[in-house]
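What TrEMBL annotates here:
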TRANSMEM  6-25  transmembrane segment
TRANSMEM  46-66  transmembrane segment
TRANSMEM  78-97  transmembrane segment
TRANSMEM  104-123  transmembrane segment
TRANSMEM  143-166  transmembrane segment
TRANSMEM  198-221  transmembrane segment
TRANSMEM  245-271  transmembrane segment
TRANSMEM  292-312  transmembrane segment
TRANSMEM  318-336  transmembrane segment
TRANSMEM  357-375  transmembrane segment
Amino acid sequence: MLWMTIVALPMMVAVQLASAFIGRTNREGLVAGIRRQFSDRLAKGLIVMIVIVNVINVGADLAAMGDATALVAGGRSYWYAPVYGLGSLALQVLLSYERYARWLKWMTLGLLAYVLELGFVHIDWRNLLHALVLPHVAFTREYATTAVAVLGTTLSPYLFVWQAALEVEETQAERRNGDTACAPGARREAERRITFDTWTGMIVTNAVSFCIMVIGAAVFFTHGKHDIGSTAQAAEALRPIAGEAAFLVFAFGIVGCGLLAIPAFAGSAAYGCAEAWRFREGLNEPVRRAPAFYAVLAACVIVGIAICFGPVNPIKALYWSAVLNGIAAVPMLVLVMLLSRRRDAAGQPGSGIVSKLFGWLAVALMAASVVMMTVDMLS
């Protein structure tokens with residue numbers, strides 16, 4: 001599956017650029033564009049699916065973060081999950097968008113933990129290179145389902161919604177600061193910023209995904225550990241193989257990634273619902289002016305916390321939510337690409353020939369994976 005992280009990179013960039021310029025040009029979110037240009041019911045149906053998957057992801061992430069913290073600090077994992085969940089919610093509610101965006105950028109440093117982890121484990125680089133150049137593709141149900149899950153974590157619908165929503169927030173922040181977002185100079189500067197940020201973010205994301213998959217194969221698969229059922233089991237299995245330092249770095253990486261992911265899951269759900277049902281939205285709005293927006297935000301986190309107190313298996317929950325993300329991504333990708341074709345819906349960098357090519361390749365790859373998985377399940 002390592003080859004997917006490389007093949008998917010230009011596709012991820014193309015779709016994220018399209019989403020960003022849809023938000024910036026129209027000054028409205030992706031779901032609002034779908035509702036306005038296509039169908040109100042379609043927009044609501046898609047966002048309901050995204051919200052369900054996002055809530056599962058919030059619960060699974062909080063459970064994983066609680067497990068990792070309990071291993072290092074002691075205590076029960078469910079002691080820490082509410083702290084992380086409510087702390088993340090408080091930051092989204094109390095901070096302005098500008099300060100919150102800066103906090104998110106610093107939180108990306110937590111992703112480096114998985115890169116550092118490579119230094120603690122033995123990796124057969126020759127076999128790794130062989131797997132990249134000549135990947136093994138198996139036409140089985142397990143392989144097809146895992147392919148959908150891998151693509152579902154990289155081409156996720158919530159990322160498209162989140163990207164467009166953040167660009168809307170950026171344009172509003174520019175207007176508050178006296179900048180003219182539509183001026184030629186300001187537009188070119190925004191295009192350069194979006195392109196640079198998107199490429200940087202997607203390269204880092206795929207590099208981290210690559211490292212996680214390599215570490216999992218090197219530590220667990222080669223040592224015959226195929227039944228890892230929780231984050232705690234994964235961390236404990238890592239300790240005797242790679243050492244105490246690797247164990248601590250792994251735990252830090254789980255917490256850091258969770259603190260970065262939870263705001264995106266809850267935030268994209270809130271933005272999507274606001275756009276679908278037409279109520280006031282925005283992290284720069286006070287709670288009294290956007291009560292429904294913040295209610296959805298809080299509900300996602302609170303339900304996620306509640307999931308942690310049930311018999312949830314974080315790893316299985318993350319896996320199957322990734323599969324659901326992959327399924328939901330197919331119609332969302334098609335709609336993003338159709339919106340990016342409209343002159344009033346996307347800027348030039350997100351709607352060029354190369355971007356369109358890779359965007360539609362993303363649709364084809366995602367659809368083919370879902371079809372193969374469905375056929376294998378039914379056969």
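Placement of Cβ uses the backbone N, Cα and C atoms for every residue, glycine included.
Owing to the predicted nature of the structure, the values given are computational and were not obtained by experimental measurement.
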| Does the chain bring the transmembrane segment (245-271) near the transmembrane segment (6-25), so that three or more CB pairs sit under 8 Å (pairs 6 or more apart in sequence)? | no
| message | Ranking 78-97, 104-123, 143-166, 198-221, 318-336 by the number of C-beta pairs under 8 Å to the transmembrane segment (292-312), which range is first? | response | 78-97
| For the transmembrane segment (198-221): best-contacting stretch of 6-25, 318-336, 357-375, by Cβ pairs under 8 Å | 6-25
| task | Mind checking which residues of the chain, 6+ beyond the ends of the transmembrane segment (318-336), have their Cβ under 8 Å from one of its Cβ atoms? | result | 15, 18-19, 22, 30, 34, 38, 42, 46, 49-50, 52-53, 56-57, 60-61, 64, 145, 148-153, 155-158, 160, 359, 362-363, 366-367, 369-370, 373
| said: Checking distant contacts: for the transmembrane segment (6-25), what same-chain residues at least six beyond its ends satisfy Cβ-Cβ under 8 A? | reply: 33, 132, 151, 154-155, 159-161, 163-168, 170-171, 181, 190-191, 194-195, 198-199, 201-203, 205-206, 210, 333, 336-337, 339-340, 344-351, 354-359, 361-362, 365
| message | Before we move on, state whether the transmembrane segment (143-166) and the transmembrane segment (357-375) share at least 3 Cβ pairs under 8 Å, counting only pairs 6 or more apart in sequence. | response | yes
| query | Which residues of the same chain, at least 6 past either end of the transmembrane segment (104-123), have a Cβ under 8 Å from a Cβ in it? | reply | 204-205, 207-208, 211-212, 214-215, 218-219, 241-243, 245-246, 249-250, 252-253, 255-257, 259-260, 263
| said: Can you tell me which parts of the same chain pack against the transmembrane segment (357-375), counting only residues 6+ beyond its ends and a CB-CB cutoff under 8 A? | reply: 7-8, 10-15, 18, 139, 141, 144-145, 147-148, 151, 155, 323, 326-327, 329-330, 333-334, 336-337, 340
